[in-house]
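These features come from TrEMBL:
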type: ACT_SITE; residues: HIS142; note: active site, proton donor
type: ACT_SITE; residues: HIS195; note: active site, nucleophile
type: BINDING; residues: ARG107, ARG189; note: substrate binding site
type: DOMAIN; residues: 81-215; note: domain 'Phosphatidic acid phosphatase type 2/haloperoxidase'
type: TRANSMEM; residues: 53-77; note: transmembrane segment
type: TRANSMEM; residues: 84-104; note: transmembrane segment
type: TRANSMEM; residues: 144-161; note: transmembrane segment
type: TRANSMEM; residues: 168-190; note: transmembrane segment
type: TRANSMEM; residues: 196-214; note: transmembrane segment
type: TRANSMEM; residues: 226-245; note: transmembrane segment
Amino acid sequence: MDTERQHLAGVIEGDDLALQALLLAAHTMEALHTAGIHFAEVLQSGPPWMENFWITITSVADPKCIFTVCFPLAYFLDRKVGVAVLWVGLVAEWLNVVFKWFLFGERPFWWIHESGFASRQPLTLRQFPVSCETGPGSPSGHCMITGAALWPLVTALTALASRHSKSLVLKLIPFSAYTLLLLAVGLSRVFVLAHFPHQVLGGIVAGAALGWGLQAHIPATRSLGFFAATSLGLLLGSVALHRLMVAAGVDIDWSIRLATAWCKDPSWLRLDTRPFASICRVAGSSLGLGLAAGDPQRWDKPLPPRQRAACAVLALAAVRGLQHIPQPQQVTLWYASSFLKYTAGPGMVAVLLPRIARTVIRPQSPPHAE
């Protein structure tokens, strides 16, 4: 009997410790969220001209820009750097989706209502068209994906500066700009009520760590089969994880409902902010890299500087134009068309445009000797 009582007392004590740990975690998150809301208020109370600045920063650092702007520019600066930017970016975005599914991060624009915070004290916070992200909030995708994808580019620029100059200031410029950019992106995400400060910090740390860890493992010379298998694995792995969580009773689409309920303007809700939009983007980009890698003339003869500059301009215009092609309104068809767009992008950049450049901008022949 005494043994049973001791066992029961131990179970009760263990339950009390678990309950205390849960209460402490809840109290800590409440404090972080509250502090984040007050910080957002301070940012939004700044000079009116700062509003356009923050919105511009958060738009420029949209993860889609890694695929449609940074990759084309980096590719024609250096092929391996371009592949690294796209590869690290798509891996980081896939991991960001997985982290968000498991961490269940709130977003400020709905948390102030769901928690009752807005009813307890007056708030002057505003939403913007870029506020209404529909996925969970932790960690920040803008910070994590941008931080990871730009790491290979910043490293390459630092190495380039080191080869051409002994100035320490010049060598520090790329990483200084990288740090300031991520800081500005993080503040912009807090300003528009898309993230809390701790989610931004987590995204920056995770992004830098991924960029540093993955840059030495870039599959620049792998075959089409490798990239096709990766694309299929990312897509099917995401679907399987989603189904497993649903089967386990996890409400994995909770954030979409909260975003729909508390977004000020329904037109601000966009399909491209949903988790599966990110999955289609990374799976399509991986397959697109494979199509580029399978080109028999892919990297045998590097383009001269003039042709690379022309290709960079054409690539930006072509990839951005590709993104503006209208997509179906039906959700499944929208996902499918998004997958195809991001599959076509790397092929256009790495195969089609270089071939056009070689054909149109031919090197001048030396004059004949008389």
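Each Cβ is built from the backbone N, Cα and C atoms, and glycine gets one as well.
On a Cα basis, HIS142 (active site, proton donor) lies 10 Å away from HIS195 (active site, nucleophile). Over the domain 'Phosphatidic acid phosphatase type 2/haloperoxidase' (81-215), the average per-residue pLDDT in this prediction is 94. Rounded to a whole number, the distance between the Cα atoms of HIS142 (active site, proton donor) and ARG189 (substrate binding site) is 8 Å. Among the recorded positions ARG107, HIS142, ARG189, HIS195, the residue whose Cβ has the fewest other Cβ atoms within 10 Å is ARG107. Across the range of the domain 'Phosphatidic acid phosphatase type 2/haloperoxidase' (81-215), the DSSP-based residue counts are 100 helix, 0 strand, 35 coil. Among 84-104, 144-161, 168-190, 226-245, 84-104 has the largest number of CB pairs under 8 A with the transmembrane segment (53-77).
Cβ atoms under 8 Å from those of the transmembrane segment (144-161) belong to residues 61, 63, 66, 70, 74, 77-78, 81, 84-86, 88-89, 91-93, 95-96, 167, 170-171, 173-175, 177-178, 181-182, 185, 202-204, 206-208, 210-212, 214-215, 218 of the same chain, restricted to positions at least 6 beyond its ends. The stretch in 168-190, 196-214, 226-245 that contributes the largest number of Cβ pairs under 8 Å to the transmembrane segment (84-104) is 196-214. In this structure, the CA atom of ARG107 (substrate binding site) is 14 Å away from the CA atom of the residue listed as 'active site, proton donor'. Long-range contacts of the transmembrane segment (168-190) within the same chain, counting only residues at least 6 positions beyond its ends with a Cβ under 8 Å from a Cβ of the stretch, are 36, 39-40, 43, 54-55, 57-58, 61, 108, 140, 142-143, 146-147, 150-151, 154-155, 157-158, 161-162, 196-197, 199-201, 203-204, 207-208.
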